[in-house]
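Record features (Swiss-Prot):
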DISULFID  CYS42-CYS132  disulfide bond
DISULFID  CYS44-CYS60  disulfide bond
DISULFID  CYS59-CYS111  disulfide bond
DISULFID  CYS65-CYS138  disulfide bond
DISULFID  CYS66-CYS104  disulfide bond
DISULFID  CYS73-CYS97  disulfide bond
DISULFID  CYS91-CYS102  disulfide bond
REGION    121-134  region 'Important for membrane-damaging activities in eukaryotes and bacteria'
SIGNAL    1-16  signal peptide
SITE      LYS121  site 'Important residue of the cationic membrane-docking site (MDoS)'
SITE      LYS124  site 'Important residue of the cationic membrane-docking site (MDoS)'
SITE      LEU128  site 'Hydrophobic membrane-disruption site (MDiS)'
SITE      LYS129  site 'Cationic membrane-docking site (MDoS)'
SITE      PHE131  site 'Hydrophobic membrane-disruption site (MDiS)'
SITE      LYS134  site 'Cationic membrane-docking site (MDoS)'
Amino acid sequence: MRTLWIMAVLLVGVEGSLVELGKMILQETGKNPVTSYGAYGCNCGVLGRGKPKDATDRCCYVHKCCYKKLTGCNPKKDRYSYSWKDKTIVCGENNSCLKELCECDKAVAICLRKNLDTYNKKYKNNYLKPFCKKADPC
């Protein structure tokens, strides 16, 4: 249980259904979401904000923008369900807001996988986020 709490605090975006988001990232990238993305660049994880450092960091920036576009639900609290079929994330909600929330998380997981080649260890564990340059608005 403690491991899940730590994961919830450090995950990319720190919002939404953190357990599901973490599972999606692990399934798509094969990387531990906490240790690989919990404090990556300027936008992944806690206090994430600023001009993206690379394509991987941009995935997290776009994810935060996706959450900002949601209406009628609470990305910080609402939970959704999804399945993993044939190495594909399938969002399984009838509620439109929860489906959109799931789609935001699915998109970031896929984006992180597609940009694994841009992952730069020098941006991992970036606890200097207050020094990140201001990003353009979503």
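Any Cβ shown, glycine's included, is placed from N, Cα and C.
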The one of CYS44, CYS97 whose CB sees the fewest other CB atoms within 10 Å, among these disulfide-bonded residues: CYS97
Rounded to the nearest Å - Cα separation of CYS44 (disulfide bond) and CYS97 (disulfide bond): 23
PHE131 (site 'Hydrophobic membrane-disruption site (MDiS)') to CYS102 (disulfide bond) - Cα separation in whole Å: 31
Rounded to the nearest Å - Cα separation of CYS65 (disulfide bond) and LYS121 (site 'Important residue of the cationic membrane-docking site (MDoS)'): 24
For CYS111 (disulfide bond), the one of CYS91, CYS97, LYS134 that lies nearest, given that the recorded positions are compared by Cα: CYS91
Candidate nearest CYS102 (disulfide bond) in space, where candidates are the recorded positions CYS59, CYS66, CYS132, LYS134 and distance is Cα-Cα: CYS66
Candidates CYS59, CYS66, CYS73 (disulfide-bonded residues) - the one closest to CYS42 (disulfide bond) by CA: CYS59
